[in-house]
Structure formats: structure tokens, C-alpha cells
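Inspection log for the structure reproduced underneath, given as C-alpha cells.
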């Protein structure tokens, strides 16, 4: 009877210890702040373990003896005790200190990696496999428990698992259930619980928390959680940093943290109030760009997101949110806004500046051709001046004859020559005068004007210019643009062709007839002008650079702006295209200009 009662008491205590150990672990995990899937899995596992332990208690209660005068209940109690201990999933043990004997459950052996049939010295096994860093602390606790100073102990420690070949974490709990008359412990019972999974989960949660904090630091973003039922708020470390470190960790109510008007710019504080009230009222998510009010950091911009969290009944129980520093983004937006405001003015200034430079380049190109033009003027004026000189001499010789008709004829001749010279000056003056506005003009007529003025510069070198078709007065050759600038383009290409031919004659001799052909055509509302020479062509290495600024094939004798200006006039000012390609004997420059809309409609 006495042994039966003793076994029953010990069994009840051991089972209660197993239940309490599982409940303690469950409470420890539920107290963790971080919500994580691993956390949820661990909770479910431990709940199942607790249920199993409870089933052991029920089994023990059902097996409790109803009689005390038979040996059969004792055997039944022992079986129930073993069943309850195995159901708990923890390793239970009993230390008979008087006889220095330790007994343990099969679960205890499995937990420690010991075969169930193997008989070993459990005390030596335990001490040998204890982690060296934990051994002094555990031995001290055991000594205190054996003496009269303590009736129970609880400690986490590491033991080497021979099958897994690594250390596992266990929680060891022990109770002194019997002492002698001197107060020395005689019997200690205990429970060992495997904490390895919990420790692994805790480590993963710790790493996840560290990674989250680092990610928030890099992103300059903090998170917060406001429990509406308890009015408790949780702030991440980065959010405390964003708030200037002014958050008082001892006061964790929302009024002392993110919802404190002192943290926010006075103009933005009402917007935050409206957003929080709206999130609580309608359950909608709110995004805001607000300004903080920090004494040491001014008014940095932050992005605030507020998201409600509902319970199973659809009631809002908490608010989650983030606060991200967007000061740099706001500064860039303000700079972009200012840039957009001034962009139109700056574009107009740039266009005006470019136009001024283009006009300057065009004028430089015209000045570069001044030598050729002076030669043309001298040629055009040589005969009229000679005629005027001869008439003046004849008038001096015939002065005494007083022949009125003779003098009238001489004066008429002089007047005719003077008018010719005046007309020549007018043509050159118009050629040099820049065109201020676009107008509709006939490109064939413009080309003929250039040839009339400068044709002598080619014929004196025995270079002949041929037109195709011979007459360029076709009405379809009308375009809209700058007529005088277009004449400058034609003259520049013709003079370049002349110089290339003269250079080839200089190097190879006048072995053949040299010519320049100007061919015009119309194709799909485009007027095409192709100027082909026999000057040997453009070296392949520099064909792609021929229209570049200050690029010249003439060395020190060239300015490098003629073809550059020609491209600007044709492509930018007249909406056309200018290209170059080599032929068998020379180069071909092709100008494509859009046909005049009025003429195109007329042809249609």
C-alpha cells in the first residue's frame, strides 16, 4: 500500500512536470515579438505535445487504484505510469541518491541517443556528454539542490548526441521529493525536454529580425504596429532613428510615438489625423507624403502607409504601417519641377543661340568664298570698264568736232555699261544677304543664278558644268525654305568639286576632260538634286566625317565649315537630307528637299 501510494505520487508529479515543461516552452514562444511561419509551426507542434501530455494525465487518472488491499493495482499503476511518461514525449528520470541509482524512461534514452536495450551508467553518461561550457554551471546547481538550499532546479544546457554527432539543446527540470532527517536530498525526479527545434527557431527568428532591421536601415524605412485594443505601439529601431531618436522606449503608447503631433509638421499633422481616422472607420489603406518636425533634422519628407488588420469577425484590431524617408526623392522632384518651369525659356534661349551661331558660320563660309567672288566681280567688270575707258578717250579726241549725235551715242554706251555693273552689284548683294524668313522658291532658278555668277570660275580651268534636264524651269522644282542659303549650299558643293578636280589634275595631269553634272528629279513629293564630279571621290576613311564641324579635306587651306553649314541649312532649316557617296570617277552629293505643298496639291 505504501509503495503503491508512493509510486502514484511520483507518477503524478512526473506527469505534471512534463505538462508544465511543454506549457512553459509554448508560453516562451508565444511571447516572441516576431510573427513568422516558423513560429506558427513551432506553436502547433508544442500544442500537440501538450495535448499528448494531457492524454497521459487522463490515462493516469483512469488507471488510478480503486483498492489498496491487492498487489494487482500496483502492477497496473506501474504500467499506467510508463504509458503516461511515454505519451508526454519528454524524457523522465528518477535519482535514488541513497543507493546512487538513476532510472529513466525510454523517451529519456531516445532523447539522449542511447539504445533502449543498453544498460549504462546514466550519471557518467550525462556528465561526459555535457558541453564543457555548461558543465560548471550544472554541477553547481546540482550541489545546491542536494543541499538544503533548493527544492527544485531548471536549466537549459547542451548535450552531445552520439547518433547525430552534434550537440542538442535540452531543458532539465528536477524536484527534490524526499529528504532525510538532516535535510539531505534522498530522491529527485525530473524531466528532460528537447529544445533543439525551439533553439533553431529562435536563431532563425533572431536572424530574420536582424535582416529585417538591416533592410529597413538600407531602405531608410521603419515599421510600426498599433494594437487598438491595448493602445500599445511597437516601433522598429529604424523608425526610432527616423524620428530623430526622440521616441521614449519606456512609454509605448501610440500617443507617445508616431501619433504625437510634436513629430509632425503643423501643416501635415491634420492629414495624418484624417488618414488614421479613415483607416479605423472604413478599413481602407492610406498612403501619404508628410513632413516630420525634428529639432535637429529640420523637416524631412517621409512616405507613410497605414494598413488596417481585421480579426475573424471583420473588426479592426490593429494598424500596421511603414514610414520611409523620401527627402532625396522630394528634392529631385522639386529640382525637376523647377527645371520643367524653366525648360521652355532655356530651349528658346538655346535655339536662339544656335541660330546665331549658324548665321555666324554661314557668314564665315561666305567670307571664305569672298576671294572667288572678287575674281568673279573683276571678270564681270573688266569689259564694261574697258568700254567706258575707250569711250572717254574717243570723246576727248572728238571734243572739238562738236558732233552731238556722237556724244549722245557715247553717253548711252557708258550708261549701259554702268547699269550692267550696277545690276551685277545688286545680284552679289542679294547673294550675300541672309534670308530671314522661309519662302517658296524654285531650286532650278537658284542653281542657274549661281552658275551665271560663278560659271567663269569653272570655265577658266576648262571644267564644264552640265545640267540635266538642260532647262531647270519645271514647275515641280519648287520648295519652301531659304533661297539665298540654298544658293550658298550649291556654290559650296560646286567649289569643292572644282578644288577636287584641280587637285587631281595637279597630281595626275590633265589626262581627260573634267566635268560636273547637276541632275534634278522629282520622286514621291521630294525634289532631288545630285551633283557629280570627276575629282576622284572622298577617301573611304573619312566619308562619315565629311559633314562634321571644322573637318576639312584641304588641310590648312580649308575652314572645315562649308559642308557642316550646308548640312545645317538643308536638314535643320529646310527639313531635307544631304548625303555623299563615291562614284567611279569622283563624288556625288545628293540633296533631297520636300516639294512645296502648294505645288504638290497643284500637281495632284
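Heads up, the Cβ atoms here are built off N, Cα and C, so glycines get one too.
Unlike curated entries, TrEMBL annotations are predicted automatically.
As the structure is a computational prediction, the values presented were derived from the model and not from experiment.
Listed features, source TrEMBL:
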{"type": "TRANSMEM", "residues": "39-64", "note": "transmembrane segment"}
{"type": "DOMAIN", "residues": "153-207", "note": "domain 'PAC'"}
{"type": "DOMAIN", "residues": "286-338", "note": "domain 'PAC'"}
{"type": "COILED", "residues": "329-360", "note": "coiled coil"}
{"type": "DOMAIN", "residues": "376-597", "note": "domain 'Histidine kinase'"}
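The residues of the domain 'PAC' (286-338), classed with DSSP into helix (H, G, I), strand (E, B) and coil, number 12 helix, 29 strand, 12 coil. Model confidence over the coiled coil (329-360) stands at 79, taken as the mean pLDDT rounded to a whole number.
Here the domain 'PAC' (153-207) is broken down by DSSP into helix, strand and coil counts: 12 helix, 33 strand, 10 coil.
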